[in-house]
Amino acid sequence: MEMWHKFLDRILVVWRVSTCVFAIFGFGLYSCWKQIWGDHDLASALREGLATPTQGGKATGDNGTTGTPARTIGNPQARIASEMSTATCARFCTPLSSGTAGSTSKLTTGNGSGNTMTSAYKKKIPSNNSTTANTANDSSNTETTFTFKLGRSNGRSSSNVASSESSDPLESDYSEEDPEQEQQRPDPVTNSRSSSTATTTTTSSADHDNDVDEEDEEDDEDEEEGNGRDADDVTHDSSESIEEDDGNETDDEEDDDESEESSSVQTAKGVRKYHLDDYQIIKTVGTGTFGRVCLCRDRISEKYCAMKILAMTEVIRLKQIEHVKNERNILREIRHPFVISLEWSTKDDSNLYMIFDYVCGGELFTYLRNAGKFTSQTSNFYAAEIVSALEYLHSLQIVYRDLKPENLLINRDGHLKITDFGFAKKLRDRTWTLCGTPEYIAPEIIQSKGHNKAVDWWALGVLIYEMLVGYPPFYDEQPFGIYEKILSGKIEWERHMDPIAKDLIKKLLVNDRTKRLGNMKNGADDVKRHRWFKHLNWNDVYSKKLKPPILPDVHHDGDTKNFDDYPEKDWKPAKAVDQRDLQYFNDF
Ligand SMILES: Nc1ncnc2c1ncn2[C@@H]1O[C@H](COP(=O)(O)OP(=O)(O)OP(=O)(O)O)[C@@H](O)[C@H]1O
């Protein structure tokens, strides 16, 4: 009997111990799960990361949801500070900590202690601030210089990019290689580089400098100089010089004289002499690397416009003089229904000003994040308008180089306007400047092979994927991780993705640009003839005859509800530049 009791006692002890162990283990597992995914499944967690409501404007997506997507954090300074402190590609990741910095900055990126990144799925997103970024590993002090734009997070764990399917080789129904291809310039470093080591590629941006064309030589030299700055410089410098909200008073006699020529513009109604104080500034609707974009009203025509104000000190400090001049010159040359129209540009002794049509529907990015993803039909509509615009730009030898949903504005009529030509360039040959937004950069840019208009077709592939899936095909918390994935050519496909759209994406995301759709001898026609666009009449696309899938919720042409609110008092007057520096902008 006693033996029996002992035996039962032991069983009881074993039972209790194992219950405890299981309880602890189970709790541990549950905590981990919560930490990674919160209370949601993968899809809702991702969506939460993509569309965390914040202050500011609203937009109505094609699923009827409203709210401002996560990227918008009212104060641009705080936003950049976050980006700097996390030191990662910010389009899909968000820092937990923030420091102090200004509206433009050189980023220090790397794996140092400042990097407080956590699971990307839970994040809010910093905005589309373009930044001349120096990526550096805090501990080793290795820096890279290249111009890329920070986007915002949506949250996609790199571990999700798992299964692979490489891009198809071109099928026979498309044209062959573009004969202009592969006229390699000697670049000993680039040539010996392993294509899979994005680190090597990016840490040696100075290598580009020998073999760039004229304009790029300038760009790259500038970037090289930029290496000398450290994060402290940035924090200090970037907290200064944003113009106060009184742009009307910058117009004095001297300016009038200086900008007289550019102030006289031939319009439909004859020659108009423009003045800055023709424009009444109403409200800031966007921020950029060098300043801000304001809604304003033309007192003469009573039309609403968008005024992009760029602080010259910042343009000079960030070595972006050529890019800004490119932007203005290219914008002056182009006119297309799906491209933003530049009405006028001028300068005073502190700022450059560009006046555009005001596009009141806000960014496609907002609608996409609110909707989670778009239907194939919706994506097809926007893709078609972009194809039409790219075909036009490429016909003028202009490569756009910054295609992404943040740069696509929706007009009141529901049609697109491509904005931000800061990286656009008129090509004479290939170009070597490393620029773009990490998730949208083509492999040849990463590999410093020299690039051409093919990079826009690559970016179109990324964009179509992002519209259909809700996040881009190549994602990682670190830019280098993104580059590795781009170079690997591996894409994870959603099970229920439209197979025809998938086929087009695969043909656009071909690493070998000589086999990339759009970049072969038939150019854009190959893209236009793809089955995904089979139902389209391209003249109807151009004439805006297609029915837009989303109509922005706006009450009048000057409505700002689709843009975030920016505290106006944060803007300080930009410092005047001295006469020597002013000369850089003589032809602006
Ligand atoms: N014509 C416009 N109408 C309405 N909003 C506009 C217009 N142009 C720009 N914006 C808003 O201002 C934001 C910044 O504009 P833009 O991207 O041209 O500036 P940027 O200085 O080049 O920015 P970035 O640093 O991201 O390159 C845009 O994302 C958009 O939200």
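Just so it is clear, glycine is given a Cβ too, placed from its N, Cα and C backbone atoms.
TrEMBL lists K308 with the feature ATP binding site. What TrEMBL records for 226-239 is compositional bias 'Basic and acidic residues'. Per TrEMBL, the feature domain 'Protein kinase' maps to 279-533. Taken from TrEMBL, the feature domain 'AGC-kinase C-terminal' applies to 534-588. Look at TrEMBL and you will find 52-73, 98-269 tagged as region 'Disordered'. Per TrEMBL, transmembrane segment is recorded for 12-30.
For K308 (ATP binding site), the same-chain residues 6+ apart in sequence whose C-beta sits under 8 angstroms from its C-beta are G288, G291, R292, V293, Y353, M354, I355, F356. For the domain 'AGC-kinase C-terminal' (534-588), residue counts in helix, strand and coil come to 15 helix, 0 strand, 40 coil, using DSSP.
The average pLDDT computed over the domain 'AGC-kinase C-terminal' (534-588) stands at 93.
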